[in-house]
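What TrEMBL says about this one:
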type: DOMAIN; residues: 95-271; note: domain 'Phosphatase tensin-type'
type: DOMAIN; residues: 180-246; note: domain 'Tyrosine specific protein phosphatases'
type: TRANSMEM; residues: 28-56; note: transmembrane segment
type: TRANSMEM; residues: 68-90; note: transmembrane segment
Amino acid sequence: MEDAVVAIDDGKEEDLDPDTMYQYVNVFFPYIVLFLSSIFGVVLIFVDIVLVIVDLSLPAKSREVGNALEAVSLVISFFFLFDVLLRVYVSENKRRYQKDGFDLDLTYVTDRVIAMSFPSSGKQSFYRNPIKEVARFLDTKHEGHYKVYNLCSEKGYDPQFFHYRVERIFIGDHNVPSLDDMLKYTASVREWMAADSKNIIAIHCKGGKGRTGTMVCTWLIDSDQFESAQDSLEYFGERRTDKSQSCKFQGVETPSQSRYVGYYEIMKNKFNRQLPPPKSLRIKSIRIHSIAGVGKGDGSDLKVKIIVRKEQVFECVCAKQENCTVSLPSFMTLKCLK
């Protein structure tokens, strides 16, 4: 693990006086707003119920009255829709960098490793990191000493924003890198970090969690900051989560991504940073349990794809009975043909 003397920037302003009214307001204001909005929501529910009763109880109402009642009811519906969307936004409690004039979805995992969400432009910049602000941050804090790793296979951006110090590793959303890509990535990071003690890396995918966490933890293991995959994953989740907002875990959650961090641990310790000997496997069948909770619940809309070295070698489409059969006795069974 890293030397405890090294301070990691948490991205929060440090107040000289911890007992200020400003801090008390900062702590309690979100709870007050939540309480008041909940009360307001309950009041609106009662108002909506009253409007429905009034609407049904009027035997002969004018068109204007009917339209007015419907308009008020529609406004109430929009309020609750906005409330749901706002909750989805507020529930995200990834640690942000909020000082020195910046407010970015960006976290120092270590003093030399940054995890962040996608640097965006256009409409997406309203709810993700504006790419110009990310560039300004990196140029301000680490001018000439940063390199960006874009893990998104689905989209990129002009590398000129980051002075062409951008390297892409193509990983699908919610997916994992190949073992070969992991080795190339750690070799690249080792070379960059060794070139200058001031050099840092900024890693991102779309949300800055799954794919980002996978590759951050891989580097933490490669650089001997952690020995085990589990410890590195727990550390990343701890650093990425802002527990002052909520306890929702913001680390690597996809099982395959966590598993691949473990694979890298094995490659480093057992195979000396080399790919293990190739081993051919034959998939004879795929058995899926508890399909009742997936899609239509009967397997009719299920698709299975097998991808080897980024090439699709098999596909099962149950709707067309293509390469598979679906049988539904007292217990559900889906069988993919060889």
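All positions are counted from 1 along the displayed chain.
From the backbone N, Cα and C atoms, a Cβ is placed for every residue, glycine too.
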Residue counts (helix, strand, coil, in that order) that DSSP gives for the domain 'Tyrosine specific protein phosphatases' (180-246): 41 helix, 6 strand, 20 coil
Within the predicted model, mean pLDDT of the domain 'Phosphatase tensin-type' (95-271): 93
